[in-house]
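Pulled from TrEMBL, these are the features on record:
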COILED    183-247  coiled coil
DOMAIN    97-135  domain 'RING-type'
REGION    51-73  region 'Disordered'
REPEAT    506-538  repeat 'WD'
REPEAT    592-630  repeat 'WD'
Amino acid sequence: MAWSVFTLRKENRSFGFLSLFLSKFYFILSRNFVYLSLHTSNPKTVTKNMEEFSTGTDPRVPAVKPDSKPSSLEEVPLEAASAAVSEDAEVDKDLLCPICMQIIKDAFLTSCGHSFCYMCIITHLRNKSDCPCCSQFLTNNQLFPNILLDKLLKKTSARQISKTASPVEQFRQALQQGYEVTIKELDNLLSLLAEKKRKMEQEEAERNMQILLDFLQCLRKQKVDELNEIQTDLQFIKEDINSVERHRVDLYRARDRYSVKLRMLGDDSSTRKPWSSSMDKNNSGIVSSSLNIRGGMPAGNLQNKKIDGKTQLSGHVSQRKDALSGADSQGFNQSGLSVARKKRIHAQFNDLQECYLQKRRQLANQLHIKQESDKNVIHREGYNAGLADFQSVLSTFTQYSRLRVIAEVRLGDLFHSANIVSSIEFDRDDELFATAGVSRRIKVFDLSMVLNEPADVHCPVVEMSTRSKLSCLSWNKHWKNHIASSDYEGIVTVWDVTTRQSLMEYEEHEKRAWSVDFSRTDPSMLVSGSDDCKVKVWCTKQEASVINIDMKANICCVKYNPGSSNFIAVGSADHHIHYYDLRNISSPLHVFSGHKKAVSYVKFLSENELASASTDSTLRLWDVKENLPV
């Protein structure tokens, strides 16, 4: 080859220069093609290189199909490029597709020198006919596979995988690639693996045993605590049973003493008459005998006296029987009443049990703290305060069984939907009460007229029309002529009952407003809750809300604490009652859980007692001060 070239140079120097130029140009062109594939993100560099090494030939020359066995001229620039890839810190950016910004998969080269993923560039050309990098006109016929770049990407990915792979994965890959290992090395490796496996199994078994032991110890501690709690509760119950039995015996003794006194008084009054009659009989008998002896009273009169004594005795016995029968009937009525009360207790036994244990434990804790603070406390066995408190609850619970209707307001057809009443509210002095509902009217009635003047249909003393169906009313406890309403459109309105006009309208709620309530301590403040999961506090002196509380569930009811305008109770559709301090609304002060469905109504019975009603058909009482269910 060298001799031929030398001969060509000797024979024709121009042909020698041409051959050398073509060989060098082919080498430079191949190296530049790899460089272009790695730096497709810089159009200026591509254009510059293309201008420097362009010879007027078709730009599609670099994309010629390579042979199955690459030549040495192709291997040299590929190794150099691989070395450049390992040394260049920003090579990862150059290997990304400009469209999907991921590592190029199935690289294809455009006629303008940019490389893309095949699916990315095909999808792009379905919508536009230009290059995504340089905006040059481009079609599917101007795309060619970039084989060298694909090889480089495969080597780069394999190198990255080998760097991040675990030793086991590297060893597996080495075996798959044909790495030779001797039998002795394999035996040593297997023995090491077996020892490692045995050690790991031993550690796993020890961990499992430790976990099981911890569980059993925790379970034993929990059951011991439960047993101690049950034993303590049994001790409380035993002490209370003894106390109740002693008081019961005292009551029986007092009743017996009282009955003995009554019997003695009754016997005293009843025995005087028989004694006097017997004395009369004796005296009369003596007199009669003497008269008979002397020839006085005849024997027939004596028979009449005996008959009169028998009739008096029989009358006394019948009176005693009537008294006993009356006592028996009274005892029967009392026994029937006690049976009814016992049935109510059994129906609510679980709740009453929780109430008893809570009061008893709370009292025991208070006594324990008191004993710790005062060592000179004298322990006295008797009727403790916790049992007395629970007895009052139990007596009140079983004392009443129904409500008695004292008056009824008829608003028309009971089965007509327009007559549904959704809210009723009394004024400050309990002289007037207002009703509202689906009829879109606020009707104010005089309570004394309703109670004292029964009629088929009662006429309201004041009636106000509204734009929407009403859901709730709240009468101002300071200004008797002010009443607030909330409606299905989310509007909260303050009305003047005297003028029958609206004073303020608040329209910030986005959905139905279910509840509204005036503050008892600050007459200018009122609060509302809506289906938009928001609680809003309003001031009658401002047109916009002053406080906004966002919650996660629908608001069914809101109420101010009667002792302070800083605290509100919110009944929600999440089955909970949220008790807020309006000075810090970031989180509720207390959250009362116990209802199984939405809390539809809340009402303060006092500053510390809160009653709640739910669609789970239960009423519950809470202590907002101690954060306890009562």
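Even glycines carry a Cβ here, placed using N, Cα and C.
Nobody curates TrEMBL annotations by hand; they come from automatic prediction.
If one looks beyond the repeat 'WD' (506-538) by at least 6 residues along the same chain, the residues whose Cβ comes under 8 Å of a Cβ in the stretch are 471-479, 482, 484-494, 544-560, 562-565, 568, 570, 580, 582. Residues of the domain 'RING-type' (97-135) grouped by DSSP class, helix first, strand second and coil last, total 10 helix, 9 strand, 20 coil. For the repeat 'WD' (592-630), the DSSP-based tally of helix, strand and coil residues reads 0 helix, 21 strand, 18 coil. Residues belonging to the repeat 'WD' (592-630) score a mean pLDDT of 89 in the model. Applying DSSP to the repeat 'WD' (506-538) sorts its residues as follows: 0 helix, 18 strand, 15 coil.
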